[in-house]
Amino acid sequence: MLACAFGLGSWVAVNGLWVELPLIVNTLPEGWELPSYLTVIIQLANLGPLLVTLVHKLCPRHLKEQVVIYSILSIGILSCILLVFFWDKTMIVAGTSHSIAFFIITFFLSLVDCTSSVTFLPFMMLLPAKYVTTYFIGEGLSGFLPGVVALAQGVGFTKCNMWSLHTEHLPPNFSTEVFFFFLAAMMCISLAAFFALNRLPRTFELSTKTLVPDMVVSVSSGLDNPGLEIDREEAGVAQSNPMLANPKHSVYHLTFIYLMVVWVNTATNGLLPSVQTYSCMPYGNLAYHLSTALSSVANPVACTIAMFLQNRSLVFLGVLTTLGTVFGSYNMAMAAMSPCPLLIGSVFRYQHLKVSSWVFFTGTLSYVKVMVGVILRDRSHSALVWCGAAAQMGSLVGSITMFPLVNIQQLFKSGDFCNTECPL
């Protein structure tokens with residue numbers, strides 16, 4: 001249970017921010033452009049794991065992982081508490097109001113979660129292998145629980161003011177501040193669990209077996225860091241060319257696998273999240289709320305399914321990637337047509353299709369991520385390192401590509417649910 005609680009702190013903050021966006025975008029001045037800012041901030045926060053990795057390589061004896069974990073969890077708790085009081089504070093920059101405080105705090109929360117990818121699992125290697133399975137369950141819950149709490153919170157009701165023809169947003173079941181306190185509580189639980197794990201009697205023999213028999217792939221949510229996972233089977237792989245040590249896959253197969261990794265992460269961590277508001281908000285706040293919350297739940301569910309129902313066929317994974325891309329293309333097309341996407345006049349019936357499209361997009365590509373990680377993990381540690389690099393490159397390319405299109409070129413248009421006139 002301690003290992004599971006420790007895993008909660010891995011990605012709960014970023015996942016929580018993402019599922020709370022349907023309420024935040026109606027308050028902050030960036031509005032529908034806010035998700036595109038967050039995708040770039042999350043990618044910038046990868047400086048944290050990069051720095052930790054460099055220190056590991058250059059000065060391996062000078063970095064104490066326990067100290068780093070205590071530090072990042074404490075920063076996470078403080079950042080969540082600061083969000084409660086400053087998330088809606090704005091500043092004037094170049095004559096325009098911006099959410100500078102929210103962006104700075106989000107960066108530190110992203111720094112905490114990204115850095116957890118290269119610090120939490122190495123610490124778990126000090127414990128017997130059976131505890132690592134429950135750690136991954138906790139990591140999955142870091143995406144599942146915020147989504148469930150967001151569903152309980154609701155998004156309030158939306159009504160049209162007949163005099164001003166503007167949308168009025170009625171309050172949800174509990175406020176955004178309460179939700180941020182929930183995130184802080186989850187981080188506190190993770191810190192307390194880590195403290196207890198460090199105080200456990202070390203009378204047991206440390207395990208030298210493989211950490212997880214079937215997979216060593218993160219089951220975290222929404223905008224996850226595909227960072228470097230650790231495999232202990234490298235010693236059994238040919239050192240001369242570890243990428244080709246396994247004869248099962250040719251060079252062409254490996255090229256296809258890595259291209260699939262790049263594309264899946266480009267779509268799920270950069271392209272589509274940046275425009276989710278434009279894809280969903282024309283159908284109302286409820287459609288956007290359900291899309292973000294249920295997608296956050298779909299991610300760990302898909303990863304859990306992948307643990308028990310594994311299919312390593314590259315043909316099957318290619319078909320599944322194509323299917324996910326079809327859902328993603330539909331979502332992107334609706335965003336490009338904003339504020340008047342298809343069947344906007346049938347909004348209350350059509351929003352179910354919109355929500356389902358986002359859930360299936362997230363679920364199918366999350367399954368592909370896990371299975372690709374399983375395939376490459378069985379080859380070698382180096383193959384998994386290259387998988388992490390390809391995933392990071394895809395995420396970075398996706399977020400950097402969409403930011404100028406959304407915020408500078410303004411190819412995507414926002415609108416008001418009540419006063420936008422669209423042809424039926």
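For all residues, glycine too, the Cβ spot is worked out from N, Cα and C.
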Stretch carrying transmembrane segment according to TrEMBL (options 2-25, 314-337): 314-337
Which of 178-197, 250-266, 314-337, 357-376, 383-406 contacts the transmembrane segment (135-158) most, counting Cβ pairs under 8 Å: 178-197
Top Cβ-contact partner of the transmembrane segment (67-87) among 36-55, 99-123, 286-309 (pairs under 8 Å): 99-123
Positions whose Cβ lies under 8 angstroms from the transmembrane segment (36-55), at least six residues beyond its ends: 14, 17-18, 21, 30, 62-63, 68, 72, 103, 106-107, 110-115, 117-119, 223, 225, 227-228, 269-270, 273-275, 392, 395-396, 398-400, 402-403, 406-407
Stretch in 99-123, 286-309, 357-376 most in contact with the transmembrane segment (250-266), if contact is a CB pair under 8 A: 357-376
Long-range Cβ neighbours of the transmembrane segment (357-376) (under 8 Å; 6 or more residues past either end): 214-217, 219, 222, 226, 229, 249, 257, 260-261, 264-265, 267-268, 272, 276, 279-280, 291-292, 294-295, 298-299, 301-303, 305-307, 310-312, 317, 320-321, 323-324, 327-328, 330-331, 383-384, 386-387, 391
